Structure formats: structure tokens, C-alpha cells
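Chemist: Take a look at this one; I'll ask things after.
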Amino acid sequence: MPYGLRTFYCPSGSGQTGRMADQYAQSGEAVRPPDVAAVSAHPSIPAIRWDDPPEGPVLVLLDQTRLPGEESELVCTDPPGLVQAIRTLAVRGAPLLGIAGAYGVALAAARGFDVDEAADALAGARPTAVNLAYGARRAQAAHRKAVAGGADRRQAAASVLAVARALHKEDAEASARMAVHGLALLDELMPGGGHRVLTHCNTGALVSGGEGTAFAVALAAHRKGRLRRLWVDETRPLLQGARLTAYEAARSGMPYTLLTDNAAGSLFAAGEVDAVLIGADRIAADGSVANKVGSYPLAVLARYHHVPFIVVAPVTTVDPDTPDGAAIEVEQRASHEVTEVTVPFVSAAGAEVGGGIPVAPLGTQAYNPAFDVTPPELVTAVVTEEGVVSPVTTEGLAELCARSRQVTIS
Ligand code: MRU
């Protein structure tokens, strides 16, 4: 069947349209499936978009659960629909969650929902990525301020939307600056280029208003001809590396190789990794880094093999109100994400529990934390849009946050 635009129907309040994704567009592979090649000219859908009337007000998401098999739009018309999209990871990754949280409050204001209730629901939809609560609360504060200043409903909604748009733009700018700082650091640590970088989870344009965090650094290196290889951890259980990072690397024409998470050790042992670049969902005041589960073992491996472990995140991911790693709430997710394999874009009509293919005996309980916490002593540097903190200390991070606040206020 030829691939083209498709229309899907989602739970109430949302609609979905889609087309086959072009993950093979610039993969550099000698062979690419002919059926996918047929749609290579389609532009990609932005990770998030606000549509005004007459289509809106709606928030349009690129449904990341269907990648790389299909690029499809998920249209959120109300805050509960967006909360569900966040919980199911249709929209995901710390910076993008912040943007989504802010637009979600704007959607509530524009459509006459209770704004405080919506902000609470959005801020609590996932607990670890601090950006989500940051975006929702910042938008909520704008609404309160507008109402206190005598704005009517329409004016208050417009102020919230302006804040969401500002956050979106700020994140794009932060992404570009992180790429500059991150590449400068890579070049300093490994003069001569030819960087072989290992990354985990997904940190590119799919999680950002711009080109991402850690991935944006690798992309900048690639554009300067200084990336020899991007090693992409598949990132069990939901395969953000295999499904999303490989998709973004292929589209960007980067030299990349996918590996299972448990192959990382032998890759380090073979001397094939020059640096680890990852993002973060929350950085505590002491520099402890919460990121996708599997990041901490990489940090331990990196230390043993004398390889720099670099965290790239916007200042909004640094949370001065969380004192240390032990205080970070780590999201625990459902067992079925581990006990079943879900193939993107294959609907398992009539299947039970999570709808995937069982790979463990029925009733198996799984330990499924979405994130783990890396202590600051294992982190070589934290790269932000305001600069690099290394060594990673409470004082260094506090100074960075103070500098960022000065920039924001002035
Ligand atoms: O559960 P996810 O897919 O939202 O987890 C995302 C990650 O762990 C990313 O690495 C993190 O948000 C940093 S993105 C810049």
C-alpha cells in the first residue's frame, strides 16, 4: 500500500493525522527500503505547534510514540488530552515538556477551563522533569498577574499564550547556545576532532524548541566535520534511542551506530568512546543529575575508562529547590513497558494490558524506574546556555543560576 497522509482518531478532544516518517532520508546507508523512499520529500512535523483559530486554539504535537514508523500529528484541544499525551510519552523530554506545560495552561485559558486546576494537572503529569512544572507554573503566574491587573478572559489568555511562546523561543535560543558551549568543551577536551560520542535516550529537536541539548552538541560537531561517530544507546524499555535518536541522526546525515544498552561496556573497553553526552530531567542543587534510566551506569563506565561524562541541559533544568539526588522523585512506570515489547505503528487490536507482545510470563512484575540519578562526582561538566560548570559543585551551579536570573531580569 503506498504511504501518504493518513487520518487517525484519538480519544475525545484529540485528533490525529499522519504520514510515514522519513527516517531513512539521509541515513548514509547504502540500502534503504524502497517503500519509505517514496515519501522522502515530505517535510518533518515540528515537535510542538500552537494553532490559532480557525483551526484552533489547539496544541498540535508530533506523536513520538509512533516514530519512526510514522509521522503523525496529535491534536490536543483540552488540558486533559495533553496530560494524557504527556503520560503516554507522545510528547516527552524535559525542555519540550516545559514548553508543552506552558502551552497547556494557555489552552486552558483560551478554552475557558479552570486555569489553576489545569496547571496543577499538567505540572504533576510526570514528576521528574522539572521543566514541566516550571513551564506550567510560569504560565499560571502570567495568568494570575493578568487577572489581578484587571484583564478580561480573552486578554488573560493572550498573556498566557505570550509567555508560552516566549518560553518556546527562549528554549530554541538556549539550545543554540548549549551547542556552541558544548562543542567548545569537546574540542578542548579532545583537540583534533574526530569525536566519537556515546549518547543515551533522545535529546534532539524532538525534545526542544531548537535542536536539543546533548544531541545539538553532536550535531554541531557533525556540521563542523568533527564528529567521527555517534554511538546511540537503544534505551530500553521504550527505545527512545533506537526509535528517536537514530531517526534524528539519520535525518541529519550523521554517522551513527545503534547499540543495545548492555553493549556499552564492551564499547568503552575497546576504546571506542571519547565522550558521553547526555541530557537531564532535573539537576539538583548539589549537581546530582536525574536522566533516563541507564545514564548512571554509563557514568560509572565512563569514570572507570577515563572518559568525560558531559551533561547538557538548559538552566531551567537546574532545580535549586531540590537539594540533592536523594530528594529527586524518580518516576516509576508500568510493568508492561518491560514485560512487553511494543512495536511502533503496529496496533495490536484486542491485545491485553499494554497492547504489546509479551516477552515475560503473564503476571511478571517489573522494576521500571524511568530515570536514575548520577552523583555530581561522576559528572565531568554540566553544559548550559549560560556556560559550563566543571567541576560540578553546589557553588558553581548556584553562580550559574544567579547569572541566568540576572540575564532574565535585565
Ligand atoms: O521519559 P522521557 O523520554 O521523557 O525521558 C527523556 C530523557 O531522559 C531525556 O534524556 C531528558 O529529558 C533530557 S532531554 C534534553
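The backbone N, Cα and C atoms fix where each Cβ goes, and this holds for glycine too.
Source: prediction; values computed, not measured.
What TrEMBL shows for this protein is this:
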BINDING   Arg92, Gly93, Ala94, Arg126, Gln240, Asn291, Lys292  substrate binding site
SITE      Cys201  site 'Transition state stabilizer'
ACT_SITE  Asp281  active site, proton donor
Chemist: Taking the residues the record says bind substrate (Arg92, Gly93, Ala94, Arg126, Gln240, Asn291, Lys292), how far apart in Å are the two Cα atoms that sit farthest from each other?
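Modeler: So the maximum pairwise Cα distance among the substrate binders is 17 Å.
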Chemist: Within 10 Å of Asp281 (active site, proton donor) (Cα to Cα), which of the recorded positions Gly93, Cys201, Gln240, Asn291, Lys292 do you find?
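Modeler: So the list reads Gly93, Asn291, Lys292.
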Chemist: Which binding-site residues, if any, among Arg92, Arg126, Gln240 have a Cβ under 6 Å from ligand 1, given in order along the chain?
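Modeler: Only Arg92, Gln240 qualify.
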Chemist: Might you list, by sequence position, any residue in that chain lying six or more from Asn291 (substrate binding site) with a Cβ less than 8 Å away from its Cβ?
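Modeler: In sequence order, the residues whose Cβ lies under 8 Å from that of Asn291 (substrate binding site) (at least 6 apart) are His200, Cys201, Ile278, Gly279, Ala280, Asp281, Val311, Phe371, Asp372, Thr374.
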Chemist: Other residues with Cβ within 8 Å of the Cβ centroid of Arg92, Gly93, Ala94, Arg126, Gln240, Asn291, Lys292 at the substrate site?
Modeler: Leu97, Ala129, Cys201, Asn202, Val207, Gly279, Asp281, Ala370, Phe371
Chemist: Might you list, by sequence position, any residue in that chain lying six or more from Lys292 (substrate binding site) with a Cβ less than 8 Å away from its Cβ?
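Modeler: The answer is His200, Cys201, Thr235, Gln240, Ile278, Asp281, Ala370, Phe371, Asp372.
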Chemist: Just checking, which of Arg92, Arg126 (binding-site residues) has the fewest C-beta atoms within 10 Å of its C-beta?
Modeler: Arg126
Chemist: Taking the Cβ of Ala94 (substrate binding site) as centre, how many other Cβ atoms lie within 10 Å?
Modeler: 29
Chemist: If you draw a 10 Å sphere on the Cβ of Gly93 (substrate binding site), how many other Cβ atoms land inside?
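Modeler: Its Cβ has 29 other Cβ atoms within 10 Å.
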